[in-house]
Amino acid sequence: MGFLKGKKFLIIGISSVRSIAFGIAKSLYNQKAELGFVCQNEKIRKKIKKLVEPMKSCIVLCCDVSNDKNIKKLFIDLGQVWKKFDGLVHAIAYCPKQYFNGDFIDNITREGFNISHEISSYSFIGLVKACRTMLNNFSSLLTLSYLGSQRVVPNYNVMGLAKASLEASVRYMASSLGKENIRVNAISSSPIKTISSYKITNFNKIRNCSYASSFLKNSVTSENIGNVASFLLSDLSLGITGSVIYVDNGFNVSSMNNIQ
């Protein structure tokens, strides 16, 4: 019997079979969780329904997280199927491609700053705020981050600021929701090949550098991340909240580890 049997989780931001969210969904499903999915719009809904069909979910909803009315409608629609659920995975990030290149100060604009923070950081808070009353006791909430929140990564630029904001929101939401026995955590992973990652100039060089300086010499996969996510969403991790858990083969604590 899976350790998530009887629990219901909403996966927000799944986009393709290569997305981290898909790896998390597979792991949750393998542990017998019941899943619901949220994609960006009707244009890709049919594709996502086909993608998650093996996970036997009847819930594939759409939501534009930049719009509060859309977020409210999302949970009204979800409430027609689930009155209560046990947590969500926030796998949403966005920054226009032109900001993933060149000098940080030269390239940043007010518009780029605002949209990166609104979609990548505030959306997690807005979603949780809207569904708070639907969350069961001992629910668990999870988001995805990256080391660029703590260190300068070439070309990551304004997204590093947005991820730092996201990680701060994890701590503050953990404080707000602790009295309701609801936990909030983040996973910070190695660079993973996804559709979104190729917006970043020289992504392969960044990925190769991470690999060369990591202690473990195997590539982190979305399934690896999914297994950690399953643990954090389960009752096996009841004592963990407000934390950023690194799934990066030790890269976040390494220093010139590739020098022989």
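The chain as shown is numbered from 1 upward.
Note: Cβ is positioned from N, Cα and C throughout, glycine not excepted.
If you check Swiss-Prot, you get these features:
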- Gly13, Ser19, Ile20, Gln40, Asp64, Val65, Ile92, Lys163, Ile192, Lys193, Thr194, Ile195, Ser196: NAD(+) binding site (BINDING)
- Tyr146: active site, proton acceptor (ACT_SITE)
- Tyr156: active site, proton acceptor (ACT_SITE)
- Asn204: site 'Involved in acyl-ACP binding' (SITE)
- Lys205: site 'Involved in acyl-ACP binding' (SITE)
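Applying an 8 A CB threshold to same-chain residues 6+ apart, the list for Asp64 (NAD(+) binding site) reads Gln40, Asn41, Asn70. Within 10 Å of the C-beta atom of Ile192 (NAD(+) binding site) sit 21 other C-beta atoms, taking all shown protein chains into account.
In this structure, the C-alpha atom of Asn204 (site 'Involved in acyl-ACP binding') lies 10 angstrom from that of Ile192 (NAD(+) binding site).
Comparing the Cα of Ile92 (NAD(+) binding site) with the Cα of every entry in Tyr146, Tyr156, Lys205, these being the recorded positions, the smallest distance points to Tyr146. Nearest by CA distance to Ile20 (NAD(+) binding site), out of the recorded positions Tyr146, Tyr156, Lys205, is Tyr146. Mapped onto three states, the DSSP output places Lys205 (site 'Involved in acyl-ACP binding') in helix.
Ranking the binding-site residues Ile20, Ile92 by how many Cβ atoms sit within 10 Å of each one's Cβ puts Ile20 at the top.
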